[in-house]
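Among the features that Swiss-Prot reports, transmembrane segment is placed at 15-37, 42-62, 84-104, 108-128, 143-163, 182-202, 217-237, 243-263, with the record citing sequence analysis.
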Amino acid sequence: MTSLFTAAILGIVEGLTEFLPVSSTGHLIITGHLLGFTGEKAASFEVAIQLGAILAVVVLYWSRFWGLLFPKPGQQFSGIRGLYLLFLTSLPASVLGLLAHDFIKQHLFNPYTVAWALGVGAIMILIVEKKETTPSCFTLDEVTPKLALGIGCFQCLALWPGFSRSAATIMGGMLLGAKRKIAAEYSFIAAVPIMFAATGYDMLKSYKLFTMADMPFLAVGFIVSFLSAWAAVKGFIYLLGKLTLRPFAYYRLALAPLVLFFWS
């Protein structure tokens with residue numbers, strides 16, 4: 001299918017960018033073009049190694065996920081209520097994603113649409129940071145059904161490859177009253193069910209593209225993606241205590257025209 005080196009590079013890119021507001025899909029498309037790894041099988045490989053990044057979040061927030069199954073006294077984001085909040089957040093993008101899956105795969109997975117998504121997302125990040133909404137939600141236990149559903153609606157923006165699911169949900173959370181760090185942490189946790197569902201759905205449709213000979217490459221991509229995502233999430237949460245999202249917006253603005261110029 002590809003070299004182990006290519007699989008490792010894609011795993012690093014996936015893990016480092018999946019939960020940052022810079023678009024993992026966009027970076028994977030760009031990296032794939034640079035490495036000469038493109039096409040339907042390449043796109044499915046990139047989706048498959050997302051499982052490594054998903055697992056990293058499950059490990060980092062294991063106590064929260066455990067609390068969803070076995071509620072802890074005094075925690076509001078746990079048990080049936082916590083699962084209900086995640087359901088509300090996952091619902092809008094899940095429905096729209098199922099309806100538009102084939103269109104997105106056929107028409108939006110290319111450097112040009114990604115470049116525009118990077119630019120539009122950057123401008124929106126700067127607008128949200130300038131707005132400086134006064135937070136009303138300071139912990140995960142203060143997330144309300146209204147906030148969860150609102151974040152879910154913003155998550156639909158991430159169906160445009162290059163926009164970034166993390167950017168969409170963190171911006172949405174901030175606009176709707178969540179503190180920046182809490183918006184990010186909720187974004188990470190809420191990503192798990194929808195990313196797992198999207199990855200599973202894609203693999204059900206494309207598993208015939210892979211053979212046993214591809215397993216080493218998938219394994220390398222998965223493991224490297226897990227390790228990179230673990231480091232990226234830890235670092236990002238630390239930085240959010242000191243920085244805004246503006247540096248990520250400037251990075252996106254710098255990258256977008258370069259992508260358009262390079263592939264025009």
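Just so it is clear, glycine is given a Cβ too, placed from its N, Cα and C backbone atoms.
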Can we call the transmembrane segment (42-62) and the transmembrane segment (217-237) in contact, meaning three or more C-beta pairs below 8 angstroms at a sequence separation of 6+?
yes
Residue numbers, six or more beyond the limits of the transmembrane segment (108-128), whose CB comes under 8 Å of its CB atoms:
21-23, 25-26, 29-30, 33, 43, 157, 160-164, 167-168, 171, 174-175, 245-246, 248-253, 255-257, 259-260, 262-263
So, do the transmembrane segment (182-202) and the transmembrane segment (243-263) meet, by the test of 3 or more Cβ pairs under 8 Å (sequence gap 6 or more)?
no
